[in-house]
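Asker: Take this structure first; my questions come after.
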Ligand code: GDP
Ligand code: MN
């Protein structure tokens, strides 16, 4: 999850990284009052979870409180790359001497982190990186060692940043570790004409797998754009909508992924990824089925379960119970294998639900689901 700039700014402040004074509002009138509190002049900044706000007209300097109100009125409601601006941050303007770029980002291939830094930061950093990669230093960071003063000195030197940035580089690493971030980025980190080093913009991407211990940002979590994904997320389901016609439900991410492949191999397209996990209770099965059936593009549904600790008969009971609360509007093909598969199949046979068919192999089940989807 990406944080807003003002949230990143708050984290920086908490970790002792110098930032300009700033306040957030959704009201132009309040923007005027904030500018007054900041000393009159203010930079008015759109709060959206995307970069390039400056170039899109979402970052503007206001010379006095009246101008701040006007500018806030302009920026609020603006659309920046598909993100509507609901709030603005007003920050005390800074006299910039030089703009730097610094970030730490998870490098999955290397199994570590990467420090990326440049003495040519600012809004053109992408072009700098593309046209003159040598102007952007990349220094691997061992996650176990982290960024010590010595390491920060090495990063600063590699990028041509002044020694005054070393403390900020160390503290920025602490932000990453303490907040469970996959990315922390400051662009620009500036040296002011007065010689101070300040973080003028911040981007922080939190690791969603650590959300349980980063609850303070929970309320601000953006709902997924897709309504079915939002409904699934609200039920705690691992669901990703795709653009096909065969709904897929399975237990275990690996099994579901291969099920998608097999469905595609049968000439159909999977409508979604849905992993109901190891437990596969009736409740979860009902939730999963209702989400998948709610997709108008779905023509048939394939349930592919490999019984492990939760045996197939328990899963079959789950399916039967789920079908008591969910109206089956599309044909359902079930393939049960693994622990207690025969008993599970017997449970489904006994119920003989008219919309439910069984198949004994994954290929057979996928072929049948694909065929039902094509015939529908
Ligand atoms: P972004 O475009 O979304 O990355 O937004 P930034 O917060 O990075 O702002 C874009 C640019 O506006 C910065 O690179 C600066 O050049 C400029 N800017 C932002 N705040 C100030 C400020 O306080 N003073 C001055 N002079 N320029 C600023
Ligand atoms: Mn920026």
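Any Cβ shown, glycine's included, is placed from N, Cα and C.
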Asker: Looking at the substrate binding annotation from TrEMBL, with 308, 309, 310 already listed, which candidate in 251, 272 is the matching residue?
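Answerer: Matched candidate out of 251, 272, per TrEMBL for substrate with 308, 309, 310: 251.
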Asker: Return the members of 45, 187, 201, 251 (the binding-site residues) with CB less than 6 angstroms from at least one atom of ligand 2, or none.
Answerer: 187, 201
Asker: Using CB under 6 Å from any atom of ligand 1, narrow the binding-site residues 251, 308, 309, 310 to the ones that qualify.
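Answerer: None, as no Cβ falls under 6 Å.
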Asker: Could you give the Cα-Cα distance between residue 54 (ATP binding site) and residue 310 (substrate binding site), in whole Å?
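Answerer: Between the Cα atoms of residue 54 (ATP binding site) and residue 310 (substrate binding site), the distance comes to 53 Å.
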Asker: Tell me the Cβ neighbour count for residue 45 (ATP binding site), meaning other Cβ atoms within 10 Å of its Cβ, over all protein chains shown.
Answerer: 27
Asker: Ranked by the number of other Cβ atoms within 10 Å of their own Cβ, which of the binding-site residues 53, 54, 99, 308 ranks first?
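Answerer: The largest 10 Å Cβ neighbour count belongs to 53.
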